[in-house]
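The structure appears right after this line, and notes come after that.
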Amino acid sequence: MPLGQRPGDKSESRYCGIETEFHDDMPQLLTYSLSGGFDFVVAPLVDPSYRPSIRNNNGGATILPVSASDLVLNPSQWSSHVVGKISSWIDLDSDNEEVRLDSEITLKQEIAWASHLSLQACILPAPRRGSCGNYARCVNQILQGNNMQLWLRVPLEKSEIVDGSTDADCDLTGGRMLDSWECWNTFRLLCEHHSQLGVALDILSSLPCNNSVWRWFGEPVRAAIVHTNSFLTNARGYPCLSKRHQKLITGFFNHSVQIVISGSLLHNIAGDSGDEVLPAIDDDSPIEALPARHELKPYLDYVAYLYQRLDPLPEQERFELGYRDFLQSPLQPLMDNLEAQTYETFEKDVVKYSQAAEETGRKLKVYAVEKNPNAVITLHSLVKLEGWEDAVTIISSDMRCWNAPEKADILVSELLGSFGDNELSPECLDGAQRFLKPDGISIPSSYTSFLQPVTATKLYNDVKSHKDLAHFETAYVVKLHRVARLAPTLPVFTFAHPEYSNKGNERYKKLRFEIPLDTGSAVVHGFAGYFDATLYSDVHLGIEPSTLTPNMFSWFPIFFPLREPLYVPRGSTIEVHFWRRSGATKVWYEWCVTSPSTSPIHNSNGRSYWVGL
Ligand SMILES: C[S@@+](CC[C@H](N)C(=O)[O-])C[C@H]1O[C@@H](n2cnc3c(N)ncnc32)[C@H](O)[C@@H]1O
């Protein structure tokens with residue numbers, strides 16, 4: 001039973017699961033959990049006392065002691081209501097060879113059984129030590145030949161590094177406090193960022209600082225396992241969460257992370273009779289109705305309350321849902337001719353036009369210069385429709401080569417891309433300023449691009465799926481959602497108009513991003529880009545996050561990927577170089593990183609991505 005109705009939210013985060021112990025009557029366990037309101041169980045599939053070597057020592061091939069025959073549920077019930085929990089005793093990096101071998105056999109058997117049952121995902125136990133090479137090798141091997149999602153369990157815990165400690169062979173459950181993100185990062189590096197490898201975060205009573213927590217939102221976190229001991233008690237004795245926990249859970253809802261309740265009942269709620277009878281999962285199910293007041297229902301109710309309390313998604317967000325983290329090629333309005341439906345989308349963005357609208361009280365004479373012959377036809381119809389024939393003259397020409405019959409007071413243009421100058425506004429306006437009076441002005445009068453480093457596993461995997469260099473050296477327009485912004489933006493290139501100096505439009509900028517110390521270490525998959533434009537005087541318009549113009553949807557951010565994810569140790573500075581370069585027929589960007597490690601120069605000579613002049 002989903003947590004509630006939220007218009008537009010079709011994401012996984014509507015569902016809440018429960019972690020259970022091994023139970024040899026899976027149908028009963030499932031009925032109890034589902035009729036208690038949970039949507040799925042995270043359950044061990046095999047008896048935890050099972051050890052392959054003991055079976056072998058006994059000399060007989062016994063069958064795997066599983067929690068239930070596959071026949072007790074149909075495949076769609078298994079798939080939608082059960083997430084497999086791999087035996088937590090396994091230790092693939094143990095010094096004890098027997099434990100190690102038993103662990104490997106068990107892991108493979110359990111995943112094979114889970115695949116047979118059609119489960120969508122299994123949760124892997126947290127690595128027991130910092131050095132987890134053999135565990136990762138086995139998981140990586142499984143990932144090569146299986147469609148199953150594997151979610152590595154890691155605690156969301158404090159990230160202070162004890163002086164002098166090393167990662168190697170440090171017991172994660174022991175006294176020294178390690179950053180659990182490091183453990184995850186090592187594991188996924190060993191597994192080459194496999195797209196089916198995700199994270200299940202254990203949420204405990206204490207939370208690390210905000211920066212450390214929020215870096216997880218760029219990682220493939222699939223489940224948040226909230227322990228009953230992280231709940232506080234309200235005045236009526238019911239479970240509730242601290243403000244910080246509430247904010248975190250809301251963040252999970254917004255990022256399609258499923259909540260799983262784990263642990264035992266720690267709240268003594270007076271008056272809960274527990275004698276309700278609820279129906280079984282569906283009519284043709286073999287599962288019988290049972291007395292079903294689940295003892296952890298108060299925790300579920302509280303999570304549902306947090307979900308239902310969320311504001312409805314604003315209409316714009318709903319409209320943009322399908323674009324979230326979806327890579328698009330930037331438009332090339334100069335080289336290509338835009339289509340009617342692209343213009344239609346632009347024109348729906350009222351905010352963009354109202355920012356520039358001005359009541360002059362003067363009679364205006366307008367030359368509308370458009371190089372797209374198809375758009376020119378539309379413009380003629382529009383002028384007729386509006387009765388503007390006396391005021392507007394339509395010119396079908398490229399502004400760079402049109403010979404204006406008279407000079408203008410104001411040059412109004414709309415040539416900006418997500419990164420400001422990336423649709424070649426500088427080149428077009430330089431060409432057009434010939435027909436501006438010496439004291440004439442341009443709207444916009446200037447624009448600046450901005451960049452910031454981001455963790456964006458989903459985008460990285462999407463770029464990587466093309467299996468070529470060119471896609472790693474291309475900029476994409478994308479509605480960023482599952483990303484962690486690791487530092488405030490920094491300005492990159494500024495262009496002002498009219499521009500009478502001869503400095504040209506090539507640019508170079510070196511940027512240094514300081515990652516806050518309390519973030520801990522992080523990984524950078526690329527750089528998010530934005531722009532801010534000064535239209536005139538103090539009127540601005542843009543998508544730079546700290547100053548963005550509300551309710552505007554014409555521009556999503558731009559994303560410049562890195563060929564290899566950049567590991568950024570705690571307290572590091574990221575040094576990035578960006579170039580805007582041009583040739584006879586094209587303009588392009590090149591970029592690289594020189595600290596904390598060095599990347600190749602991306603898109604050298606515009607070999608992979610360029611904008612046509
Ligand atoms: C971003 S669109 C403007 C959309 C328009 N404001 C609307 O809402 O429909 C940029 C327009 O400028 C035109 N354009 C780009 N470069 C040009 C140039 N050098 N000369 C004339 N028109 C140009 C494109 O064909 C396109 O129609």
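Glycine is treated like the rest: Cβ placed from N, Cα and C.
Unlike curated records, TrEMBL annotations are generated automatically.
Taken straight from TrEMBL:
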DOMAIN    37-309  domain 'PRMT5 TIM barrel'
BINDING   Tyr343, Lys352, Tyr353, Glu370, Asp398, Met399  S-adenosyl-L-methionine binding site
SITE      Phe346  site 'Critical for specifying symmetric addition of methyl groups'
DOMAIN    355-443  domain 'PRMT5 arginine-N-methyltransferase'
ACT_SITE  Glu414  active site, proton donor/acceptor
ACT_SITE  Glu423  active site, proton donor/acceptor
DOMAIN    446-611  domain 'PRMT5 oligomerisation'
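Spatially, by CA atoms, the recorded positions Tyr353, Glu370, Asp398, Met399, Glu423 include one closest to Phe346 (site 'Critical for specifying symmetric addition of methyl groups'), and that is Tyr353. When each of the recorded positions Glu370, Glu414 is scored by how many other Cβ atoms sit within 10 Å of its Cβ, Glu414 comes out lowest. Proximity to ligand 1 (Cβ under 6 Å from any of its atoms) holds for none of the recorded positions Lys352, Tyr353, Glu423.
Mapped onto DSSP classes, the domain 'PRMT5 arginine-N-methyltransferase' (355-443) shows 30 helix, 25 strand, 34 coil. The Cβ of Asp398 (S-adenosyl-L-methionine binding site) lies under 8 Å from the Cβ of Lys371, Gly431, each of which sits 6+ residues away along the same chain. Averaged over the domain 'PRMT5 oligomerisation' (446-611), the predicted model reaches a pLDDT of 97. Calculated from their C-alpha atoms, the gap between Glu414 (active site, proton donor/acceptor) and Lys352 (S-adenosyl-L-methionine binding site) amounts to 10 Å. Between the CA atoms of Met399 (S-adenosyl-L-methionine binding site) and Glu423 (active site, proton donor/acceptor) there is a gap of 14 Å, rounded to the nearest whole number. Taking Cβ-Cβ distances under 8 Å and a sequence gap of 6 or more within the same chain, the neighbours of Tyr343 (S-adenosyl-L-methionine binding site) are Ala375, Thr378.
Around Glu423 (active site, proton donor/acceptor), the C-beta neighbours below 8 angstroms that are at least 6 residues distant in the chain are Pro330, Leu331, Gln332, Pro333, Leu334, Leu415, Leu416, Gly417, Val611. Of all residue pairs in the S-adenosyl-L-methionine-binding list (Tyr343, Lys352, Tyr353, Glu370, Asp398, Met399), the one with the greatest Cα separation is 23 Å apart.
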